[in-house]
Amino acid sequence: MAGETAPALNQGVGYGIVIGLGALFALGMILVTFILKRYNRELQTSEMFNTAGRTVKSGLVGSAVVSSWTWAATLLQSSGVCYRYGVSGPLWYASGATVQILLFATLAIELKRRAPNAHTYLEVIRARFGTLPHMVFMIFGLMTNILVSLMLIVGGSATINALTGMHTIAAIYLLPVGVVAYTLVGGLKATILTDWIHTFVLLIIIIVFSLTAYASSDVLGSPSAVYDLLVKAAAAHPVEGNHEGSYLTMRSREGAIFFVINIVGNFGTVFLDNGYYNKAIAASPVHALPGYILGGLCWFAIPWLTATTMGLSGLALENHPSFPTYPNRMSDADVSAGLVLPYAAVALLGKGGAAATLLIVFMAVTSATSSQLVAVSSIVVYDLYRTYIKPEASGKRLIYMSHVAVCAYALFIASFSVGLWYAGISMGYLYVMMGVIISSAVLPAALALTWSGLNKWAAALSPVLGLCVALVAWLVTAKHECGEMSVECTGSNMPMLAGNVAALLSPVVFIPVLTLIFGKANYDWKSMMAISRGDDHDVAGEAGVDLEEVLGGREESEREMEEEQKKLRRASKISKSMTAVLTLALLILWPMPLYGTGYIFSKPFFTGWVVVGIIWIFCSFIGVGLFPVYEGRETLIRTCKYIWWDITGKKGVKAIHAEQAAHAGEVVVTEGMTPGDQTPTEEKSLKEKGEKVASS
């Protein structure tokens, strides 16, 4: 077990990173929020807290998607799958979890088009179907967030314990503390900005790992050396179900089963996780599609190259004295707990590798947890509190409830994680089980935004009936396979395969049947357009600013709305064709010929495989690491200029606000100026907009 291996780092390092980095991010986001308020006239309204102003550009959307989808499991579980099944594992993991993000791009566009003022996808469900389906989907949505959050905290705390000896329960309760702090201060915008920081650091460390293993390591140092050690490993312990027992083939029976489980489970955790809808809602309309496509393609390289590097390094180095479990192989419990990556990092880079692993796991856990906190708080505030408890709630009250929900959910998840730790439930078990629990709601959720014929009863009943079928299939298969209902048996591949497939596909039967029984609907999509934004006039009044100014100055005209809808309709057509082609390529055209032929990689082919992965990760770094900076360069330069003016006393805040308004083409009335000082055109603009007084 993990506890039998001496940790590479001491407990002080663990507490330092968990508490120290958490505090650093919290203080950093407090500073960023202050800067945005002082120099960019941003006010933390309930809308800003939950939607980031709906103006985020594609680069930041892409980095937010990458960060939210890079769980601890992305790094740890993918490396474990590679350790078990060889080179097929990373591709099965990456392709089986990328297509959902690409396909979700279509839903993101439909959400922006059908419900431009929505805060959650559950609001859309209620606007279309009413209370019963809304309650059903709220339960499935919250179950999704709970399962994802548990995986993050359970996997992250196990890794921290293995690397530093820090007590698992201490790690469980301390990991969310810093996340809660910066989420409370900055809301969704803080989450998106820290997502970019996390993604930037994560990609650099993955690049370091890959170049160390395949270029500079004294122990490995080249694809050729890794290849030779993998051939020896297959001779010593051939993989059952792999072609000729090789680690260097895509034909892996157990790997293919995992591939199906992975695809099914991840449909649920994308299509039902309000966090992904939050990103779509936060995106500027024209940036939603490129943001999700960019994020999906850039994310692919992370599990593929991480696992191809660290999983294969674990196999290659486990007979080397530097490997933590030497002279023994890793146990199944260690692999399931996600310890392949940290052990391989220690073998490759010693304490530096352990520290780097600790850092990327901390980044993965905290950034994705922040997304979960905002996702759950927006459900609690807009789908529960504002819908059923206090419909007339003010903006100030909504912000307060958002803060309460963030704190309460973090405490709940930490306490639940402790229970799972005592019960012996690992991250790997949760990862393959999640599809059984949630995937029956995937098809109804997608159809709610794309098919006008879905009726209320099909939407409400098919997820519940599908869950019942999935649980029966899962547990009956476990009983048949093992003759018992233990954690080990129910977590094995065949029972999980049966449960996952039954969950995702059973609504394919239930929805047509329920449509025949209750009749086909003919929805006109109008009620979704009627979803309203929160009323933040009280928050703006207390801050002494004009709410319309904060939110962009004015409402869109009918002509502008029609123009925006035209762009979204075009984006919808592009997304459907683009995502179909990319999905076909990642699921069929790339892996299946290699699987069907049973080809065992030659040394040149393996070298090319690794080189493509390294090139791809550099492209990902450019796409979601550097591109967001380039895309926001004007705002960054302008904000830095304002800060310099303020610090040096060259211009005060009032003058800075006047400069901002001039940049935006607005008319601003400042001290010493009256409407009569304006040109006739400016006077007309003033009458239409009202006087805008630049004040702090």
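Just so you know, glycine gets a Cβ as well, placed from its N, Cα and C.
What TrEMBL says about a protein is an automatic prediction, not a curated fact.
According to TrEMBL, the feature coiled coil maps to 547-574. The compositional bias 'Basic and acidic residues' annotation in TrEMBL covers 681-696. Under the heading region 'Disordered', TrEMBL lists 671-696. The transmembrane segment annotation in TrEMBL covers 56-76, 91-111, 166-185, 197-215, 256-277, 289-307, 358-385, 397-423, 429-450, 457-477, 497-519, 606-629 (among others).
When Cβ distances are compared across the two stretches, the transmembrane segment (497-519) makes contact with the transmembrane segment (256-277), since 3 or more pairs at least 6 residues apart fall below 8 angstroms.
Across the candidate stretches 56-76, 289-307, 429-450, the maximum count of CB pairs under 8 A to the transmembrane segment (91-111) is reached by 289-307. Here the transmembrane segment (429-450) has Cβ contacts under 8 Å with residues 73, 77, 106-107, 110-111, 114, 121, 124-125, 128-129, 136-137, 140, 143-144, 147-148, 150-151, 154, 258, 261, 264-269, 271-272, 336, 420, 458-459, 462-467, 469-471, 474, 487, 490-491, 493, 496, 499-500, 502-504, 506-508, 511 of the same chain, all six or more residues outside its ends.
Among the listed stretches 166-185, 289-307, 358-385, 397-423, 606-629, the one sharing the most Cβ pairs under 8 Å with the transmembrane segment (56-76) is 289-307.
By the Cβ criterion (distance under 8 Å, sequence gap of 6 or more), the transmembrane segment (197-215) is counted as touching the transmembrane segment (358-385), at least 3 such pairs being found. If you count C-beta pairs under 8 angstroms between the transmembrane segment (397-423) and each of 166-185, 289-307, 358-385, 606-629, the highest count goes to 358-385. Within the same chain, residues 57, 59-60, 62-63, 66, 87, 196, 199-200, 203-204, 206-207, 210-211, 214, 223-224, 226-227, 248, 294-295, 297-302, 304-305, 308-309, 636 sit at least 6 positions outside the transmembrane segment (606-629) and bring their C-beta atoms closer than 8 Å to a C-beta of that stretch.
Per-residue confidence over the coiled coil (547-574) averages 67 (mean pLDDT, predicted model).
A Cβ distance under 8 Å defines the sequence-distant neighbours of the transmembrane segment (166-185), meaning residues of its chain 6+ beyond its ends; these are 11, 14-15, 18-19, 21-26, 28-30, 33, 153-154, 156-158, 160, 191, 194, 362, 365-366, 369-370, 373-374, 403, 406-407, 410, 413-414, 417-418, 421.
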